[in-house]
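Copied over from Swiss-Prot:
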- 1-21: topological domain 'Lumenal' (TOPO_DOM)
- 22-42: intramembrane segment (INTRAMEM)
- 43-54: topological domain 'Lumenal' (TOPO_DOM)
- 55-75: transmembrane segment (TRANSMEM)
- 76-102: topological domain 'Cytoplasmic' (TOPO_DOM)
- 103-123: transmembrane segment (TRANSMEM)
- G107, F108, G109, E189, E190: S-adenosyl-L-methionine binding site (BINDING)
- 124-166: topological domain 'Lumenal' (TOPO_DOM)
- 167-187: transmembrane segment (TRANSMEM)
- 188-213: topological domain 'Cytoplasmic' (TOPO_DOM)
Amino acid sequence: MIVEHAIDYIDYLMNYVDFTEKYFLLTIACVVFNPTWWNITARMEYKTKFMTKICGSKENGCYLLAFLIFSLGILRDWLFSEALIRQPIFQEFDRFEVEVLSYILYGFGGILVLAAYLKLGITGTYLGDYFGILMKERVTGFPFNVMNNPMYNGSVMLFIAHALSYKSVAGLVLSFVVYVVYKFALIFEESFTNYIYSTAAANAAKKNKSKSK
């Protein structure tokens, strides 16, 4: 009975989502494309150093990638906002509690993203390890002592907050798409990052061993 009611309510909510609207579809495309592109590009850089060669140094290569990722993020956020404007308004979200929740998510999500960026810096945030710019030690301070992947989690919170402030069920659907895509991206990013650091540690151990002979 509970499951049936839940399914019926989801069906009811979906009446407030225009799945054929252009900006809605473009937002999904951009959300999927962005991490797919930066993971492929970063792995190509790790294997071929093509951005390092083009830019003259690994730092400049990382800054270029950071600029491109940031620019794609702005495009994604703009498409998201444009999509919400064109979607039906869900009047049940026109409540004080929902407004307060959106403010809380804006605040906490923004703090997570900003604090993570300040801890990691440009190269730590934008895949500097793929360029050979490795962190000397694991970052353990706030917000990394609160949760794993605070930047991704904070970003999802900001999307949800924006959806609630626009009283948009479609915005929540898009936020869920962002969450799922980030989870998939992390599967590839975390495993390859571990590979980068384990390879670097093994190479360092070999050098130390050869020096001691």
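Positions of Cβ are set from backbone N, Cα and C atoms, glycine also.
Tertiary proximity for the topological domain 'Lumenal' (1-21) is limited to same-chain residues at least six positions away from its ends with a CB under 8 Å from its CB atoms, namely 83, 86-90, 168-170, 173. Counting other Cβ atoms within 10 Å of each Cβ, the binding-site residues G107, G109 show the lowest value at G107. Cβ-based neighbour count (10 Å, all protein chains) for E190 (S-adenosyl-L-methionine binding site) stands at 12. Between the candidate binding-site residues, F108, E189, the densest Cβ environment within 10 Å is the one around E189.
Within the same chain, residues 60-62, 64-65, 130-131, 192, 196 sit at least 6 positions outside the topological domain 'Lumenal' (43-54) and bring their C-beta atoms closer than 8 Å to a C-beta of that stretch.
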